[in-house]
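Structure first, commentary second.
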């Protein structure tokens, strides 16, 4: 009793404090609860939304020839979206959270009805549902972001129903445009009303069970003549990016005058489109689609592009093809054209597609076929669950196929409800091209023609893993094959199956394997042929315009030009001579990456210049080569494990699948998020401390990495506050505070901001470093004594003065920093030059204008080929 009375007395005395604490806890709980509805349970989803968390290497799985990884987890408590008129100026994400929060507290906001047409009465029940379908544009409305998608008729965002489900709410919160949000809302409302998906699909195939197991390769039968004339092939080349030389090499390898080539270039790849249009003018049987789409990985737009291309190919006068084969620019043949034509001529009634295997339920879950998706804003949004229509025998596994003309005609022109309903189903499906044609064929009258083989060889290195590489464009975990390397060459020569193509090949990753395969098929080039070990890839072309450049690349290319012109001037031996003194004119006209023997050799910058001697305008090309900055400081067994920590090993655009930085040369600006990567030889386990030091000797961060005996690569992106201070940074590796090695990298001092020369003011903060020298919440400056760093004050004063620079003084500082990391390896003249020391670019071995026979297309030879 005494204890009870004492407790009551304490409660009365502190009841205000207790009530306040409980209120705060309740409020925090409500906030966490309301925000959690917008997140996904899956760790990979959180990794996509919180960029500072490294991806879990175990995320995702990959089956042979299938791109989807593990499905997102389900079962989270659903939130709701209740439509309402949006207040002007209120961000959409905040609206979503506010509405969700209000729902949690019990308030109900009814859906906002669509504007009432003049003379039209309000509807309810079935009539209201019918009006909703009509207003949303399905099935008779406008075309949306992808074919068949209901598109809004204005820019207002008004949900026409009460949207239920965490996936739909999350998509609405993350979509960046109101049109996309409205499309998502329309699709979800139709789906909730049961008006979006077909309930059942007719089945015309009388065969039970799965498709044919495949046709083995028979070398003897392959040499026997086929009945009837040789088949003719329509190649559909689906390309994007800037690798025109690799595309030319592919076309050179597969070209024959009896075949037809139709090229679709992604709408975002304007440089490649210009080059392909020019290429197609040389050959009557090569054409470019007069239309272009943005085709994202896993998107419904890819299937739409294929169907439209198929219709085009069927309607080209005089193109009497027998088979449709799709290729990308990263494909390459593994057998000759003669072998392919002979094989298809003996199997002219077969359709070749790769199946996922026997476990249908696992394939459905892994591919997300039981989920509803919609594509808009160049993203595939997961919107909830759905039922697969009755009658469908789901099949698929690869979006690379070889199809007969008769089947293509059936898919494009038929009035069969089977195809129409499957088109509707796959409009809202992830990775539709990996399953649509398989499923149509599996239940169509032509099901007996299906062969389980897509004629491709791919490689999936599970040790390196997919790393959920497409999560920034799809709400799912997926990946693509690894690139082939020289050690894979024997696999490309396999003869057990009739495979005729392999993927993927990337010359910026490894060109040697492309050469090996090319020489194996068509023989070596003559001795002394130039350019066989070189590769060039354009990264900027003048018609792209200044808007295609970032402030970092704009600063860098201008600095490269100035450094190159100083080199040209210094090449003069006669004092006072001005014929080699040039001034740059405008932007560079082009910039290329240059590789030799599969090693990055630097940037080639082509620049229009004016001679100081008042001569005619000229064009020069300058080669800027990166300088190594690795220092191996230790001598222990542990130190010997460190293979490379060199320039380019701190950078951005890290590709964990190929283990390289796609940002070649490590071009970094103050707003970038750099990654440090180390390569290790096998050896004893060790724990390494990594320390980042900025140009003023501020210890920005420190962390430990565990290097197991079998570890080959380690990498980490510390969550540093930005802007980073421009100048030379240092990354040190230590074990027990004894040095193993260090590398330096450059954060480029920007001379441009928003494409304009940097001026004094708030934007000059871009070169002043973070506020209060704080890169992390935790200070690591206490390590400066252990690291024997110089005093901060002199370096900080120099940095303060640099932050005030503009104009030529800022350019001089930028060029000085650049010259510590890049050297001018060569300068040449595109045409005749007044400077006697400049060699013509076409006579050099390194210029982008030097001969490159392996990627040059010429006239068709007597045998109908180019190679």
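The backbone N, Cα and C atoms fix where each Cβ goes, glycine too.
Listed features, source Swiss-Prot:
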type     : residues : note
TOPO_DOM : 1-15     : topological domain 'Cytoplasmic'
TRANSMEM : 16-36    : transmembrane segment
TOPO_DOM : 37-867   : topological domain 'Lumenal'
REGION   : 41-122   : region 'Disordered'
COMPBIAS : 53-65    : compositional bias 'Basic and acidic residues'
COMPBIAS : 73-82    : compositional bias 'Basic residues'
CARBOHYD : 122      : N-linked glycosylation site
DISULFID : 161-189  : disulfide bond
DISULFID : 205-447  : disulfide bond
CARBOHYD : 326      : N-linked glycosylation site
DISULFID : 580-835  : disulfide bond
CARBOHYD : 685      : N-linked glycosylation site
DISULFID : 828-841  : disulfide bond
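All features noted in Swiss-Prot, drawn onto the structure.
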residue	record	Cβ contacts under 8 Å, 6 or more apart
205	disulfide bond	393, 442, 443, 444, 445, 447, 448
326	N-linked glycosylation site	235, 236, 237, 238, 306, 399, 400, 401
685	N-linked glycosylation site	706, 707, 708, 709
828	disulfide bond	620, 621, 838, 839, 840, 841, 843, 844, 847
Q. Across all chains shown, how many C-beta atoms besides its own are within 10 angstroms of the C-beta of residue 189 (disulfide bond)?
A. 25
(Q) For the disulfide-bonded residues listed here (447, 835), tell me which residue's CB has the most neighbouring CB atoms inside 10 Å. (A) 835
Q) Where does the mean pLDDT land for the topological domain 'Cytoplasmic' (1-15)? A) 57
Q: Give the number of CB atoms, excluding that of residue 841 (disulfide bond) itself, located within 10 Å of its CB.
A: 22
Q) Where residue 161 (disulfide bond) and residue 580 (disulfide bond) are concerned, what is their Cα separation in Å, rounded? A) 72
Q: Count the other Cβ atoms sitting within 10 Å of the Cβ of residue 580 (disulfide bond), across every protein chain shown.
A: 23
Q: Can you see whether DSSP assigns residue 580 (disulfide bond) to helix, strand or coil?
A: coil
Q: Tell me the Cβ neighbour count for residue 161 (disulfide bond), meaning other Cβ atoms within 10 Å of its Cβ, over all protein chains shown.
A: 22
**Q.** Pairwise CA distance, residue 189 (disulfide bond) versus residue 580 (disulfide bond), rounded so that it is a whole Å
**A.** 69
Q: Going by DSSP, give the three-state secondary structure for residue 326 (N-linked glycosylation site).
A: strand
Q | Per DSSP, three-state class assigned to residue 828 (disulfide bond) | A | strand
